[in-house]
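J.: TrEMBL lists 7-27, 33-57, 141-159, 179-201, 222-243, 258-279, 300-319, 339-359 with the feature transmembrane segment.
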Amino acid sequence: MIFFFNRFYFGISLGSLFAVIVLVYIQDNVGRGWGYGISAVTMVIAVAVLICGTPWYRFKKPQGSPLTIVWRVLLLALKKKNQPYPSHPSLLNDYDNRKVPYTPRFKFLDKAAILDNCAANAEKNNTWLVSTVTHVEEVKMVIKLLPIWSTCILFWTIYSQMTTFTVEQATIMHRKIGSFVIPAGSFSAFLIISILLFTSLNEKVFVPLARKITHNPQGITSLQRIGIGLVFSVAAMVGAAIIEKERREIAVEKEVKISAFWLLVQFFLVGAGEAFAYVGQLEFFIREAPDRMKSMSTGLFLSTISMGFFVSSLLVSIVDHVTNRNWLRNNLNKGKLNNFYWLLAVLGFLNFLVFLILASRHQYKIQLPIEPESGEKELKGLNGETIQDMEKKASLQAVGEVEP
């Protein structure tokens, strides 16, 4: 699992690299029909490979919609808001059979597992009348993901500039190498090359080096990866703002087009940030989500990408309205795109500060050990702690009495 996400994204990036170099060139110089045709053929091959591999896949039976569990727990907690808390969590429904440790965070959700005044077995098993401690704790895990989720959106807002304004910058810059003119869209290849480079360095250099320093098998945690990605994104916008200011001044005052290769600075920094942020976010949402909600957590991660592009469009509309279209214009030489980049840099920095606060307070999910085959009744971790010991430690961490 340590390197899986790196290799997963490395594979995706190889496909993107082929698209922005080979397919863009074919579309510009041969015909768009050829570009779409090649894409269609590769998808047919991909589907064939997928079907051929199905005999070796390991399937898990569906256990119901995770969204149903989430809204049902929230609804029951709201319905029982006036119920008093039990004297001890062990009095909550199905506490002894819980699949995950009990945590004191978001205690108001515990009311969904209160048995009211009836203790009939039929009612205990009716999830529409009372939730189990396991379901309540799973909902708590999902809620814990949302603050980090919100701080990941702005990274993809910054990333979206690489496929919009940065490409537009390239169209009015010098793109010739000898007699060959590089298509503006192909400059995205440098973004992908940077991603490929840093995903490789992550596995071969950064993780082994971090292991020696932190003594952590993962090298650095998923939240640390996200934080590094956010720093790179802020640096990219600072570099982009400086380069765009110089480009516009030289183009207006001297009527000279500077080389489009100056854009490699922002492509390189955003690509490096994406290599850390994408892998870190994917790892974080999958590892920290409840076991029965992995697919939902993946969707939650992917939603940060779509939300980032939506926020980018929203920011463009707001900036257009506030500045009376003085910053963002069709003719970049008459606009002030560098100010928009500075705005993103400031927002990215503030977002990073919020992320640091949230990340420092986040408690990683306690991984319960699998019950040993020897038939031991009491589950113990590798360090000899029982579930109860781990729960007690988690409770103390929640109130800041011990180091995490």
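Each residue, glycine too, has its Cβ placed from N, Cα and C.
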J.: Ranking 7-27, 141-159, 300-319, 339-359 by Cβ pairs under 8 Å to the transmembrane segment (179-201), which is first?
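T.: Between the candidates 7-27, 141-159, 300-319, 339-359, the best contact partner of the transmembrane segment (179-201) is 7-27.
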J.: Establish whether the number of Cβ pairs under 8 Å between the transmembrane segment (339-359) and the transmembrane segment (33-57) reaches at least three, counting only pairs separated by 6 or more residues.
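T.: When sequence-distant Cβ pairs are counted, the transmembrane segment (33-57) does not touch the transmembrane segment (339-359), since fewer than 3 lie under 8 Å.
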J.: Of the stretches 7-27, 33-57, 141-159, 222-243, 300-319, which racks up the most C-beta pairs under 8 Å with the transmembrane segment (258-279)?
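T.: It is 222-243 that shares the most Cβ pairs under 8 Å with the transmembrane segment (258-279).
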J.: Near the transmembrane segment (300-319), which same-chain residues lie under 8 Å Cβ to Cβ, leaving out any that are not at least 6 residues past its ends?
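T.: Contacts of the transmembrane segment (300-319) (Cβ under 8 Å, skipping residues fewer than 6 from its ends): 145, 149, 152-161, 164, 281-282, 284-286, 289, 327-328, 340, 343-344.
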J.: Do any residues, 6 or more residues outside the transmembrane segment (222-243), come within under 8 Å Cβ-to-Cβ of it, and if so which ones?
T.: 148, 151-152, 154-155, 158-159, 161, 166, 262-263, 265-266, 269-270, 272-281, 283-284, 287-288, 338-339, 341-342, 344-345, 348-349, 351-352, 355-356, 359, 362
